[in-house]
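Engineer: From Swiss-Prot, here are the annotated features:
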{"type": "BINDING", "residues": "400, 401, 402, 403, 404, 405, 406, 407", "note": "ATP binding site"}
{"type": "COMPBIAS", "residues": "107-123", "note": "compositional bias 'Acidic residues'"}
{"type": "COMPBIAS", "residues": "1163-1181", "note": "compositional bias 'Basic and acidic residues'"}
{"type": "COMPBIAS", "residues": "1255-1275", "note": "compositional bias 'Basic and acidic residues'"}
{"type": "DOMAIN", "residues": "191-260", "note": "domain 'Chromo 1'"}
{"type": "DOMAIN", "residues": "288-349", "note": "domain 'Chromo 2'"}
{"type": "DOMAIN", "residues": "387-557", "note": "domain 'Helicase ATP-binding'"}
{"type": "DOMAIN", "residues": "694-852", "note": "domain 'Helicase C-terminal'"}
């Protein structure tokens, strides 16, 4: 029997339990009638239903487009009915009136109004992908979080580490109370099987025939678990839902038998299966226990029924039960319900003080109404501090170190408000989903007399809470004292919750508010409340900007905190500011540390265990570095953090386990010819990772010595690997990460903390499992991989090291030797200094800290270099791992008594700061020194072969796209010196000359925005993100695009002139396809280029603000501001300066003074929503759509004026038939108005109207120049030899033959030209001048030498062509070859 099958059995049973009884969510809200499931006369029960699936809006900030990896599924496609509860639940209460039926049915109407997204999601089975909709019946689906090779071998790769962890942070908070469903409607008067819970062997039978030998525990539709019955197969085979019994036989009974009879199954496997089965049965018994009486109803016959909420189930599983059934088993809960109904603490009976608060009186001892235990002295001080702030009408941050009982202090304070000050609420407490159980237990223990409700669950659950728990019957008076909810439901139901006037709002784990632009921050800021309290053990995690957000949330506008404090270069002003900030914040932040206030708490020690990498890890680590050699050497100069961060994430994965890379495990198993045996899989998991070898030895000893262990990792796939290892080793364990539903989390935590629990290990993700979870029954913490943020690791340690812990806590931090993990750990520790400098100490001079929470490119490079050189020297690592001695590693471990660390900090001790003094690694070595030349050459050769293959594939694809046309001869290669062979050059040419379809589309949009490349080359390539492409490639593609567009326009005009019946006003957009890019509007492109050319020519040189529109235009009507010729002129000036469509930049440009003329935020209308009258006063115009229309109209008016102006001044035609050149237009540019005397005719008066201006329009040339000037379009696409003289000071493209010749002649200085192109970015002014001088001098001398060796009749042409060729390599922007010659002459 394979390990996968064993895991399948365990997870199948888990899935059935989790889906059917804990995470239950009924997607449709529907109440119908049905009969009792039995003949005993038990009243049928009312069932409250759900309409909600997981809603992306629940998470506030945004939903990323990342692919989510779902756990593996087991699907039986043969069955038409699954083992899960049916979609439509029916039930009523005997004797209830029709009007009360209608009260519940009213929810149906709301369900029908749910958005289509939610409704469609409701049709999905649990765990299914919401994007796929189907009305067909779903096949049964199981969550297989323990099946090997499913989740951890997924193909999705995400190099963005923050986004990688964020996905699990988000999933951690999701609503996971789901119920897989059936779609078919059920007849009303029939019994229906909801879930098959269990089975038992009938006495006297051997179990060989399951359908005859077993009885099945059935939960009936619309009835609680209290009414489950044992039924033989024959009794239920004809009842609706009987297919679920067949599925249970196949997927539970037969599979269990198969595993037990398999000879490879161990006793540990069978024991684990039995333990899981017993745990499941215990949960079923818990579902029969009353959690809370929600409501009471008196029937017309005098009988009483109670609306019951059952333990571990949500409000949508509430059922109406007869008093005769409930009173014997829930007398305490009924009495609590009566006390709540008659409570003197009702909010309506409270006192409203407003802003005038009573005088503060210190609590000398614990009040009698604070029950549940005895507060420690420091906790009573915390209650007094919160009370003192309340009396002063101030807000504060309770920032005690993790594990000091911030929850207890907060609950005690709220109880103080209710009893001592008659502030009966309502109070709002917002907490993370994972801490809800802890808050519920604390509230029940320490404030049992307050009416506290948990606002959780799906749509129906929350609706039931609002209907029965929010208000006193028949009134709008608040009924509860305290509402406990999570961040997600605050966002989901902000419209409901924000309308309640809260007397006090407490927010747990408040560092979630560190981003002042988040939806959660915005929503909570709008809540109406008298006072606020933020609860966080880490008030400052990364930088002071986060603290500023928290303080501004508490006291808006009261403090102004700088977003950056540079502790590396302190000055007197900064020192004074930090002292002042510390003094001002001190009254509002209470922070105590364990060592100072809790002397009885056992100590905590941390040991860093360094371990060698395995051979497979070494292989991957070196390959990652070598394959990214080019990125490593270039990222510093280019300032690219993203590329380096990707490499860092990959190296961290290699440092943990090579199985984190796709396909590695399969390759290794094939290499050893594995048959998939248990011992082979286990050996691969352990021996291929140095950390796993160490962990295996460490866990063996800890198990023997009776310790219990928490293992933390950042990576969920790493938890998958650890889970497989623990299962194969037979170690009982629990798991909690962002993919585990909330209800299952609570069950797992309770099972681990239960007395005599068999669980040995608890696997947790650092981010999802490090918040507010109490696991103090463990005394050992293993941090498998350190977090970037040291506070996350401290949170993880605090799960075990907290009040109530009786044993010394040992923390083991696993670290791969000579890898980036060592440097990341040291750098992450430095972040802690800032917190103590601002929060605790007010330190001003000796400490160092990063300015922000993001690593720069230089820092990332230094991290990557740490230990990299040793990686290429290490040998025999696998032998070292096989011979590992645990005692020796523990003996040489680096010890840290972290309790003393923070204690020294709170007292302002110098010892604390000394412990953060680290030796900086000298990162002044180059990657050439680190990565051996042989390694680089090997991978360079592989890259070269791969590039050739890709180029060949691209050539084949391009040929098929273009109809197998030969590549145009004018498409010459970019200057490249990667090889000298003819075959290589052609492939390199093909690669350089082709832009991706996405790049071409961006180039098209940039030209629509800015016009021709001749005027705005830099703006266009920047907008299109083509700065890394060769200039002549971009020009060539742009020229081809313009040519294709002009041809399409000409053809369309010709067709239009031939078809006289065609109505011009009904013409459609002229869309063409260019190099695979579809929907390019040829007419718009040609027209825009022409219009912007005219606009550029009309713009004066004296400044954009001096431009005046030279013609009369029609005025605007109905705009919200005064708009006249000045505004039209400035709009055109803004288009010329910033581009067509850059309305935001135009509005904010102080030179144009259009700030009060453009209203982008006020209106976001479509073309059909432009107001035609003045009634719509709340929307101001012009908005973007109006500006587009006005801009197009003004450009057309300017074009028409230009055409008419040209017609009046016809140019003289020479005798040889050539048009005389235009005169200089300097005067016109200076005045901003056209000069009539200097204008010449550019087109015939009989020209056919066309959106495109004639291509023969010439640019003005110098007055002394007698040589004919080619048109702008001709010069852009020209392939013949240049005809302009050197005096013209312009560049003309070289043709293919000329470029090939120049490339050959300039080969000796190719390195200097490449340095000009690549090495100039990111340099300072001095370094740039030095580089340009060196390279330009060398290139110039070579050109002079080459020209001297050339025949005299060719010298001028060769000299000009070589300098023009050198222009291609000039950094960043275009330069004319004559300018290069001039610079070189000055340098000589």
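Each Cβ is built from the backbone N, Cα and C atoms, and glycine gets one as well.
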Engineer: Just going by other Cβ atoms within 10 Å, which of the binding-site residues 402, 404 has the emptiest spot?
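Structural biologist: Comparing Cβ neighbour counts within 10 Å for the binding-site residues 402, 404 gives 402.
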Engineer: If you draw a 10 Å sphere around the Cβ of residue 400 (ATP binding site), how many other Cβ atoms fall inside it, taking every protein chain shown into account?
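Structural biologist: Result for residue 400 (ATP binding site): 21 neighbouring Cβ atoms inside 10 Å.
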Engineer: Note down the number of other Cβ atoms within 10 Å of the Cβ of residue 405 (ATP binding site), including every protein chain shown.
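Structural biologist: The answer is 21 other Cβ atoms.
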Engineer: Can you tell me the three-state DSSP label for residue 403 (ATP binding site)?
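Structural biologist: The residue in question, residue 403 (ATP binding site), is coil (DSSP, three-state).
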Engineer: How many other Cβ atoms are found within 10 Å of the Cβ atom of residue 407 (ATP binding site), counting all protein chains shown?
Structural biologist: 23
Engineer: Which residue counts does DSSP give the domain 'Chromo 2' (288-349) for helix, strand and coil?
Structural biologist: 21 helix, 20 strand, 21 coil
Engineer: Looking only at Cβ atoms, how many others are within 10 Å of the one on residue 403 (ATP binding site)?
Structural biologist: 23
Engineer: Could you give me the DSSP helix, strand and coil counts for the domain 'Chromo 1' (191-260)?
Structural biologist: 29 helix, 22 strand, 19 coil
